[in-house]
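As recorded in TrEMBL, the features of this protein are as follows:
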TRANSMEM  29-51  transmembrane segment
TRANSMEM  215-233  transmembrane segment
TRANSMEM  239-263  transmembrane segment
TRANSMEM  289-308  transmembrane segment
TRANSMEM  314-335  transmembrane segment
TRANSMEM  342-365  transmembrane segment
TRANSMEM  385-416  transmembrane segment
TRANSMEM  538-559  transmembrane segment
TRANSMEM  565-587  transmembrane segment
Amino acid sequence: MGCCSSASSAAQSSKREWKPLEDRSCTDLPWLLLFILFCIGMGFICGFSVATGAAARLVSGYDSYGNICGQKNAKLEAIPNSGMDHTHRKYVFFLDPCNLDLINRKIKSVALCVTACPRQELKTLSEVQKFAEMNGSALCSYNLKPSEYTTSSKASVLCPKLPVPASAPIPFFHRCAPVNISCYAKFAEALITFVSDNSVLHRLISGVMTSKETILGLCLLSLVLSMILMVIIRYISRVLVWIVTILVILGSLGGTGVLWWLYAKQRKSPKETVIPEQLQIAEDNLRALLIYAISATVFTVILFLIMLVMRKRVALTIALFHVAGKVFIHLPLLVFQPFWTFFALVLFWVYWIMTLLFLGTTGSAVQNDQGFVEFRVSGPLQYVWWYHVVGLIWISEFILACQQMTVAGAVVTYYFTRDKRNLPFTPILASVNRLIRYHLGTVAKGSFIITLVKIPRMILMYMHSQLKGKENACARCVLKSCICCLWCLEKCLNYLNQNAYTATAINSTNFCTSAKDAFVILVENALRVAAINTVGDFMLFLGKVLIVCSTGLAGIMLLNYQQDYTVWVLPLIIVCLFAFLVAHCFLSIYEMVVDVLFLCFAIDTKYNDGSPGREFYMDKVLMEFVENSRKAMKEAGKGGVADARELKPMASGASSA
């Protein structure tokens, strides 16, 4: 693992010069061992599901009697039609493929192993019989010979539901799936409420298929726009932040003015012309307008006071955004960090889903009420899927936390390297190396804390969905309140974790020490944190909206050749969602860099004052901000005391690990 044998202390004496990035020690090693053991357990679940024959049942498929298609099968006790030789019958065919169970998410139909899937629609039993004679693929029950399809009285029960839709085998999974997706319109109607008939669904799907090149081009456009925006933000950060601030103030003033104008207009309107039945409604509307206007006025006053107090701190946000742009110039690989994270998440999710599918077909054969075979896991092993779900959350959060630690390590290296020419050849790879050698345990611990909060919230959300319409108002309110509180706690912990990873990258302290130090600095610089998170986040949000709107507008112009405007809906939704996802990935990296820079800035001002031997590490833009702040404090007659108090970062410095 590359960890050092003993964790050296990260504490620095106040009499010694503080030097970041010097001490490197292995942090939270027990948590790394626990995470490795947990991953071994995940591997055991996958191996168990494959070893018990689940892989064969998943890939080849099996019929309603427990026979795996494409091979010889052993006889199951007390199960009729089991133990058949299906060497030449390689595909699973459902007698009624459109009979869907939306609750249990499965097809409620008898499944048979057949030689070939019907490529064309079969409208009568005569056509089914002709298909069996020509292709050797019997689509009716094993107990019925092809010659009896049109003569037997049981044919209506033992043969597929007419008309038999045209189907094709699913690649790698050997299931006959209907070619016409209208068969699954119930699923679409459950997810898309505005689809009321199959014709609309057909047109939406056809719109996506005919516009797939356009959709791909628009997705690439959103990617390019995101990269361009990240470059633009650096050069117009000063103007852009003030524009956003002014627009917010003008918007709130305008909204408040309009509400008061509507209230005055409504109040002056003659009441004699109003009929008695409408008089009470008019009075209620007038009272509501008054409440809205007063609330908007209070909000505007509070917002104006906040802006007034934080106006000087907005300058720090501007400076940090400017420096963040320089970081991306020196560390261009940061732009591609979301791609590597997304790729790692996709690989893990594919593994997780495949293992889940294996688990769904593992177990012992059991005869259900209809006399067909189902595979069920009994005993303690039936609860392994809980372990599997926890693994999904923890490992996903672990991958995301690795991205945060990697970005933090690279930005910290950039900030605390005075001569940028001495930066490592690839700071990102150097940060990944430090992560693997020293800080995987810290990342495992931080991601586990998020998992502990996320799992109860997901359980409560599941309970709320299952009890929807059944619980009383009080229970519904309690559930929603708990879900909301857990969501807020998760967001706060995510933000604290990110800053804890930055503190770990600087001082090489363990997670708890880093989280405590980061919390102290965030509290003592609360106003500046508020300024960065409000002005900065709002500006980045507007950037996301700009990319989505630009991509959507380009989509409307490119799709204008289609006169059926209904088919625009799904392609535009796909494009806009992808544009927002891409913009969020890129700009969230930008936001992460700004947060790391702020923590580095606060630590820099703690241990250095610009005097010989204690020079600042910060960029010239941030140095100008510090000098301007000191001049402003001296002019105010405070001698820099307030500024020093506000700039005070980690109270404990780099405390012992």
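Heads up, the Cβ atoms here are built off N, Cα and C, so glycines get one too.
Predicted automatically and left uncurated, TrEMBL annotations should be read as such.
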Contact call for the transmembrane segment (314-335) against the transmembrane segment (29-51), three or more Cβ pairs under 8 Å: no
Top partner of the transmembrane segment (342-365) among 29-51, 239-263, 289-308 - counted as Cβ pairs under 8 Å: 29-51
Cβ contacts the transmembrane segment (239-263)/the transmembrane segment (385-416), at least three under 8 Å, sequence gap 6 or more: no
Long-range environment of the transmembrane segment (538-559) - Cβ separation under 8 angstroms, sequence gap at least 6: 211, 214, 217-218, 221-222, 225-226, 229, 233, 240-241, 244, 248, 321, 568, 571-572, 575-576, 579-580, 582-584, 587, 590-591
Contact check, the transmembrane segment (385-416) vs the transmembrane segment (215-233), 3+ Cβ pairs under 8 Å, seq sep 6+: no
Chain residues outside the transmembrane segment (289-308) and at least six past its termini with a C-beta under 8 angstroms from it: 245, 248-249, 252-253, 255-256, 259-260, 262-263, 266
